[in-house]
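A.B. asks: Handing you this structure, nothing more for now.
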Amino acid sequence: MAELDPFGVPAGGPALGNGVAGEEDPAAAFLAQQESEIAGIENDEAFAILDGGAPGSQPHGEPPGIPDAVDGVTNGDYYQESNGPTDSYAAISQVDRLQSEPESIRKWREEQTERLEALDANSRKQEAEWKEKAIKELDEWYARQDEQLQKTKANNRVADEAFYKQPFADVIGYVTNINHPCYSLEQAAEEAFVNDIEESSPGTEWERVARLCDFNPKSSKQAKDVSRMRSVLISLKQAPLVH
């Protein structure tokens, strides 16, 4: 019976097909060992993928679990993605740190608030002063207007008294004050007749009389027939009597 080595291979080496024991090839044994090791590594990676997911590539010099510099910045604030309780606590502490303001910023904010409140109080005070001043000036303006109106009325009364002391004041007053409620066409005609008398020339008497008459038959509102009188006045105007 042939002796066996520790690996169960006959000491004389493997027997060939013709029953002759051959020597082991070192190169073939080395290649077989390398293939076995490679197969073992591939099997380990396959089990790791099934257990924990696909392994991600990490940048050189960065340990696993640190997020990318671009993905970890939002609006200028650094945050950590949480995949577990530890990351959640870290995110909460990060938010607390962002919410807590520095002492200088807090002091500046308080000073700004006090300054704005002072400006608002000053604006309200100035507004009240301006309103009071405007009311006072308006009252003074009304007083001046009333005083000026009273003076104007007094001056008008004095002027009227002096005017009506003149000769023919009634006639002149009616004509010169056209907007006066007592003004009438008859009074204007009377004034014109008086002026014609003062500036009359011989032979124009009947012409001045004709100017005082209305020779339009349609505009006459009188019930009496004055057609004969109109014809006489027209004839005298055209051919006045010679004294």
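Numbers here mean position along the shown chain, with the first residue as 1.
Note: Cβ is positioned from N, Cα and C throughout, glycine not excepted.
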A.B. asks: Check each of the ranges 1-22, 221-242 against Swiss-Prot and return the one annotated as region 'Disordered'.
C.D. replies: 1-22
A.B. asks: Please identify which of Ser100, Ser231 has the densest Cβ environment, defined as other Cβ atoms within 10 Å, among these modified residues.
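C.D. replies: Its Cβ has the most other Cβ atoms within 10 Å: Ser231.
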A.B. asks: Compute the C-alpha separation of Ser100 (phosphoserine) from Lys237 (N6-acetyllysine), stating it in Å without decimals.
C.D. replies: 114
A.B. asks: Kindly report the helix/strand/coil residue split of the region 'Involved in binding clathrin heavy chain' (95-157) according to DSSP, in that order.
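C.D. replies: Helix, strand and coil residues of the region 'Involved in binding clathrin heavy chain' (95-157) number 60 helix, 0 strand, 3 coil.
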A.B. asks: Within the region 'Involved in binding clathrin heavy chain' (95-157), what mean pLDDT does the predicted structure show?
C.D. replies: 88
